[in-house]
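Student: This is the structure I have questions about; it appears just below.
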Amino acid sequence: MVSSRLLKEYRELQNSKRDPEIGLQLVDESDIFVWKADLQGPSGTPYEGGTFELSLKCPKNYPLVPPKVTFVTQIFHPNVLFKTGEICLDILKPDAWTPAWTLMSVCRAVTALLSHPEADSPLNCDCGNLIRNGDMRGYKSMARMYTLLHAAQKLPS
Amino acid sequence: MPAPCRFFQIGTCRAGSSCRFTHDRTARAVSQEPCKFFAAGYCAHGEHCAFRHGARDASARLHPAAPPSSATPLSSPASSSSDTPLSFLARPSSATPVPPASPPSPRTTLSPAKALSPATTLAASATSLSAAEAPSASATARAPASAALSARASSSPSAAAAAPASAHAPRKPFVLSQQSGFSAAVRGEPAEDAATWITPTDEELRASRGECCAICLEPVVQRNSCFGLLDGCSHAFCLACIRQWRETYAKRPDVARSCPVCRTPSHFVIPSSFVVSDSRKRDLIRGYQKRLRAIPCRHFAFGDGQCPFGNSCFYAHTDRMGRQIHQQPRQAYGAQGSTSLVTYKLSEFLFPNEDAVRLEAIPLAEE
C-alpha cells in the first residue's frame, strides 16, 4: 500500500499547479520515500523572505505512521530543535497522526507552525523562554537574524 | 503456483505479504472442481472464487427434478438458453422437492420464526424477490445483489407452501437455498458483502463510484476493493485500509479507533460494496450484525474458549448443538488492579486432572 499511496501523492503533485510557497518534491526520482520541501517563510513573521528546506522521510508503513520531518535549514523557532532541526508538532507524533494527512498537508501545517509559534512545548528553550517572558522583540530579532544568516537567498543590502 | 488467496480477493487478507497464497489478482480459478455454493444459487466469492463457476446459463444449473441431496452441479442439457442470469435452481429444503416459484407472484414472505433459533439463525428471514422488481430493466444490473438476497432466503415450510404450484414456469424461478445461515457460516462462507442484506439504489452505486479512500487516496470501486464504513461517521474507506489502520490500536489507542478524517470514534467497521446514506446505514448495520450472529465466535469456540466481548459479542455464542449460551464472564481482579476474564466449568471441578474431558467428544450437530 505504501508506495502506491506515495505514488498517488506524487502524481497528484505533478498534475496540480506547483505551490511556490511549499515546493514539495522528490529528492531523488528513484526513491519515493525521501522527499524535500522548500518552505517560504510566511509574510508578517520574522521568517519572511527566507527559504527553509524541509526533509521528509516516509517510513515503510506510511501512511499508517507519520513521516519523519526535520528542518535542514537552521531556524530559530521555539518548536524546532536548533541543532538537529527536529520539529515538535502534534500531528507528526504517532498518537495524533492520521492517514488522512498527506505530505502536502504536513508541509502546510509546518508553515502554519512558523507563523504561530507554540512556546509552551519548546524544543528550543532559549527561544521559548524569550516568548514566554514576553520578549517578542528579542525573539523576532533573533529569528530574523538566523533567517538572514541561513535561509535568505541573498542578503538584503 | 500457490492457489489464489480468497481473503485477498475480497480485500480482507490479514497475512499481507507473508500470505502463503498468491495475491495476484489475475491468478484465477485454479481448481477444476465446480463451486458448490455457486451451484446452490449464490457464491459469495463471486468471480473471484477459486472454484469453477460454470457458465451461468447452462452448466451450473440443477434440473428442477434433481435429487435434493446432490451437492455437485449437474449440467442439464435441457436448460433453455433464454433464461436470465437470475435463474438458478432451487435446492429444496425438505425431503420433498419444492418447485421454483414463478415471478408473477409479488410477495415478501417473512418466516414466522423470527426469533433466532440457533440452528437456523439467519435463515429465519426469508425474503423472496418481489415480482415487480425482478423483470425490470435494472434487474440485470442488480443481479448479484438480488441473487444474494434470494440465496439467503431459506425455504421455510410456510414459504414453500405459499409458493404457487404453477411452478414449472422455467423463467426466473426463485432460489430456495437449503443452507441455513449457520451452516453456511460453518462452511466458511464469508460475511463480507452488504449487498446481501440491503440492495443498493442506483444513486448509491453512483455515489460509490466516485468515493475515494482517505487512506490510500484511490477510488475504492476502481481499486476493486470493498468499502469499510464506520458506525460513528459517514466517511468511507477501503476495507483493507481502515482495518490496517484500526489494527494499530495497541500502539495508539487514542486515534486508531477514530475516523482518520474527522476523528469521531467508531466501535466497528462495516464491510459494504457501496456507500449508504445515514438513514439506510442503520439497516446496513442491523443486517451486518444479524449476519455475524450466524457465525460462531472464534474466541468463544463453542464454549471451550472465552470471548473478551462477552454477551455483547457480534458473533454467535452457541454450543456445538447450536444452542444459544448466555454466559456472564467473570472478572478476576489481580493484585495490581488488572482485570482478566475467567470462566469456570463444572468439568474442571469434577475432573481436575483431565483437560481432555471437553465437549470435543460430542460430534458436531451440523455434520
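Every residue number used here counts from 1 along the chain in the order it is shown.
In case you wondered, yes, glycine gets a Cβ from its N, Cα and C as well.
Fair warning: this is a prediction, and the values are worked out from it, not measured in the lab.
Features from TrEMBL:
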COMPBIAS  B:68-96  compositional bias 'Low complexity'
COMPBIAS  B:97-106  compositional bias 'Pro residues'
COMPBIAS  B:107-117  compositional bias 'Low complexity'
DOMAIN    B:4-26  domain 'C3H1-type'
DOMAIN    B:29-56  domain 'C3H1-type'
DOMAIN    B:213-263  domain 'RING-type'
DOMAIN    B:291-320  domain 'C3H1-type'
REGION    B:60-117  region 'Disordered'
ZN_FING   B:4-26  zinc finger
ZN_FING   B:29-56  zinc finger
ZN_FING   B:291-320  zinc finger
Student: How many of the residues that make up the zinc finger (B:4-26) does DSSP mark as helix, as strand and as coil?
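Tutor: Summed by class, the stretch gives 7 helix, 2 strand, 14 coil.
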Student: Across the domain 'C3H1-type' (B:4-26), what does the mean pLDDT come to, as a whole number?
Tutor: 75
Student: Tell me the residue counts in helix, strand and coil for the zinc finger (B:291-320), as DSSP assigns them.
Tutor: 8 helix, 3 strand, 19 coil
